[in-house]
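Here the structure is laid out as structure tokens; the discussion comes afterwards.
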């Protein structure tokens, strides 16, 4: 293994900052290694990771079973288009659909969450022959042109208008607004069971159940975006299980590949059959390397039942945060280990202090919300340290 000096690391950090497109606000550190719920920077500092790759690292950084599966597959076959079947693709399809409701039995594999949502929107139009989409205020579905069209935040959308139209945005958890919006021109309603970027806001059972009923009544599809909520994050395998409904299309990504880029749109058979041959495509989607990672990730999740850990630790963590006696806290909310701490002021300075003073990595979810997405393998003692760090920066 190549040995690098601290000067080498600093040069690489500078290279990333100077040669990057500039789209991202970069932290002033270089992460070089991760294991479980911990990561280390080039100077050897250890951090508790509550960013988790924006929800990618549910199974922990460097999960040994995923690593071994990727190594083994890389030695055999890494790339093959979907027109040429491979054993690992069939294995992945079989493994994934086995843990889903029987209605969701057709898989379109891609590389990311935004691609999964792009596919879902196209399948919805192909199936219904309609154009309109209904989405939620504060909802986030991606930044490519189709998924951006059903993403609420104006700062993301407005510079790139015109986008896919028509799209009608409704207040999240407003059943009456949903009833008014969904009509005979609606192809699909797309919703997150818990809004992530929008401030970690869980749906009410009444809202999601109404979405299922209304779409069925109007002949529209229900797309559930579980890019961030899937793979055990909310205390169930998939968040829709909390609500007793099954969507027409389910989109997954982030943790699905155990750290390897992998996304899917999983749908009902009749929806899949509506897409004409060649109506959608992807070069890398379904590649054997990602398929092997996905199989290993699902099998690890199933064997360890990490969603039960999220169901246990998440409420405990939220109660500990609520017990912090700070007038700066407005609300603590979430589902499982998807947790938002809303402040009465801007969150960014406190997130920076968590990193610099306490070696805790967290992220924003809107201007005033600190979001915690730790790997589901995190130890309770680490979460206790996170609580104490939050207590200290809010003092």
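The backbone N, Cα and C atoms fix where each Cβ goes, and this holds for glycine too.
Swiss-Prot lists 113, 114, 140, 225, 226, 227, 228, 283 with the feature pyridoxal 5'-phosphate binding site, giving sequence analysis as the kind of evidence. Its Cβ placed at the centre, residue 227 (pyridoxal 5'-phosphate binding site) has 27 other Cβ atoms within 10 Å.
In the three-state DSSP scheme, residue 282 (substrate binding site) falls into the coil class. Neighbour density for residue 282 (substrate binding site): within 10 A of its CB lie 17 other CB atoms from the protein chains shown. The feature substrate binding site is assigned by Swiss-Prot to 143, 282, with sequence analysis given as support.
Under the heading N6-(pyridoxal phosphate)lysine, Swiss-Prot lists 254, citing sequence analysis as support. For residue 254 (N6-(pyridoxal phosphate)lysine), the count of additional Cβ atoms within 10 Å of its Cβ stands at 28 [all protein chains shown].
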Review point. When you look at 113, 114, 140, 225, 226, 227, 228, 283, which the record names as binding pyridoxal 5'-phosphate, what is the longest CA to CA distance in angstrom?
Key: 25
Check your understanding: About how far apart, in whole Å, are the alpha carbons (Cα) of residue 140 (pyridoxal 5'-phosphate binding site) and residue 254 (N6-(pyridoxal phosphate)lysine)?
Key -> 14
**Study point:** C-alpha spacing of residue 143 (substrate binding site) relative to residue 113 (pyridoxal 5'-phosphate binding site), in angstrom
**Key:** 10
Review point. Can you name the binding-site residues among 143, 227, 228, 282 whose CA is within 10 A of the CA of residue 254 (N6-(pyridoxal phosphate)lysine)?
Key: 227, 228
Point to revise | Cα-Cα distance linking residue 114 (pyridoxal 5'-phosphate binding site) and residue 282 (substrate binding site), given in Å to the nearest integer | key: 13
Point to revise | Under 8 Å by Cβ from residue 283 (pyridoxal 5'-phosphate binding site), same chain, sequence gap 6 or more | key: 81
